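J.: This is the structure I have questions about; it appears just below.
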Amino acid sequence: MTSLCVKSLQKWLFLYLMYFMFLFSPQDWTHELCGWGALTPKSIQVFNTPRWVLFFLCVASFLQGMIINGFINTVITSIERRFDLRSYQAGLIASSYDIAACVCLAFVSYFGGTGHKPRWLGWGVLIMALGSLMFALPHFTTPPYQVSLPEQTGMCSANRTSPCQNKEAGGLSSYRFVFMLGQFLHGMGATPLYTLGVTYLDENVNSNYAPVYIGIFYTAAIVGPAAGYLLGGYFLNMYTEIYLTPEMTPENPHWVGAWWIGFLAGGAAALLIAFPILGYPRQLPGSQEYVAMRVSEAHQLKDGSHTTASDPQFGKSVKDMPRSVLLLLKNPTFLFLCLAGATEATLIAGMSTFGPKFLESQFSLSASEAATWFGYMVVPAGGGGTFLGGYIVKKLNLRCRGIIRFCMMCAMVSLLAIFIFVIHCPNVPMAGVTVPYQSGLKTKQQLDLYKNLNDSPKLYNPVCGADGVMYYSPCHAGCTSINHTQLSTGKQVYSGCSCVVGNVSWGEEGFALAGKCGSSCHHMPAFLSLLFIIISFTFLCSIPALTATLRCVPDSQRSFGLGIQWIVVRTLGGIPGPIAFGSVIDLSCLMWQDKCGEQGSCYLYHNSAMSQYTLVAGILYKVLGTIFFLLASILYQPPPESPQSSCENTDHSMEHVSDLPVKDLPEDGFIVNLHARL
């Protein structure tokens, strides 16, 4: 009996010793601790959970969306004005982000996919922060921005110097290279976020919860641009030289707002959020259990070459990259999902760039009003659609083919709603462009007006006459003086305007109000309602499409597959999207800016033509997207061991499994992170 007790005690001592050896083994336990190198305080292990990873990645994606897709689109016009840039130069600045991303995506997704993902993510956020600070740098290295009083008022003045006389003196246009460098750093830094960040979340949570986590992650990326539009509009109402008191208002076309504040604040916030991300381990505690429970839904190639990706050593050498690319190119489901994503990205990129301009032209809104309305639309429609898409996949337990069919249905709904672009608003009458100048002027008034127009540099500063007609500037309306300033709006009222006739609203002839004339069109509520549906259903299929992409490729190719998909999406959608929509919209231009004899940006669009061209482009890309989703669903071949029902779970787990992720361990030991709750 004593011998039996001694043997039993020895056995338990041995197991107890093995447990502690395993617990403190550097290769099995410490590599799952949260910290920086040897610094792994016990107090911060409470953050070593999927929820906290999601939180920090959401903050990073929010900042990326706010800076690149929000601030950039909001301030690009102000940067053009401040640094004497042409439209195509501003386009190069915007495209530098996508160019950098395309250059880095294959490298980052391939080597980062088999490396330490949090470190790649953290360093990426640091580089993105550096890009934001670089983007704001020109404000501090250029002389103060000042505008002379005649240019502010737009009055006719014969002794005013032409801005073309000093065209080559300033040299501020060279700062476009600094902006391009900042955007290039933005693109490099954001590359790991939507490839390695997505796969890191997918690997460390139950596959049923993965669409929800990824949906929340992308929702933050959608809310970010909306915040950028709203904050950017707020900053643009502040004068760029914040220590000066300007004599003009934000409605003046020569006004330059404080475009740089958002980039300073965003860069500083990105610096702070990078350090927690750098502290996360290669794998979260309990992640191996989820990997073991997951059932592969990868597309099965007819020649069986997809089994190559199951080799544990595959993908760890640069020599395997060509074979990895070949495997993805032989996967028709993956290819058509990439093409569908490219068509959706074209619409998203085009509408995010020119959506505010469309609202501004159709409904005679100011630039800040149009940006604000567009921001209000993106928050509930884009953010809500993104989150709801991930939730629906989780709630219905959709498998790969069912997810693709769901995406196809979303594309069809948004295709029907896009016919709202049939509706358009008539142009506000503009003297000399859409309506002729009135013929009641006396001969002396005509001679004085033509003389003033020839002597002035034709600076665009629209005014609305008392007759309801819009004029290019106070000078073009024949105005001779400023009568007063409206207290309610801060707008200037001009008098002595010889071209303005009628006694319509102000009780006296010859008056004009600074700014564009308001539109009498009442289609705005209906248009915004259907635009809300288009945005909602476009983003509703974004997370399901991403989930289908992750499931139709082997596990070892998920990061690289996302990288290749982003290259296709940016090359065929993100980069040409704004160019295609911009070219289509430019076809409807009625009046171009004359920049010292060269064509600049468009001042006035033909609303009917703009709506028709936008409708044709929208229908084309939505039809293509629907077809690509249909082909991806038809050509998908699931593994033979995979459950065939499109509504079954993807895990070999019980219906109600404990929410404490437990790592696969030897039979005589276990490790549980009590904070790692889903």
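Using the three backbone atoms N, Cα and C, a Cβ is placed for every residue, glycine included.
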J.: According to TrEMBL, which stretch among 2-26, 177-201, 552-576 corresponds to the feature transmembrane segment?
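T.: Based on what TrEMBL states, transmembrane segment spans 177-201.
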J.: Choose the correct range: of 333-353, 396-416, 417-437, which one does TrEMBL annotate as transmembrane segment? Give that range.
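T.: Residues 333-353 are the ones TrEMBL records as transmembrane segment.
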J.: Go through 92-113, 120-140, 177-201, 256-278, 333-353 and flag the stretch with the largest number of C-beta pairs under 8 Å relative to the transmembrane segment (213-236).
T.: 256-278
J.: Taking pairs 6 or more apart in sequence, does the count of Cβ pairs under 8 Å between the transmembrane segment (92-113) and the transmembrane segment (373-391) hit 3 or more?
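T.: No; fewer than 3 Cβ pairs under 8 Å.
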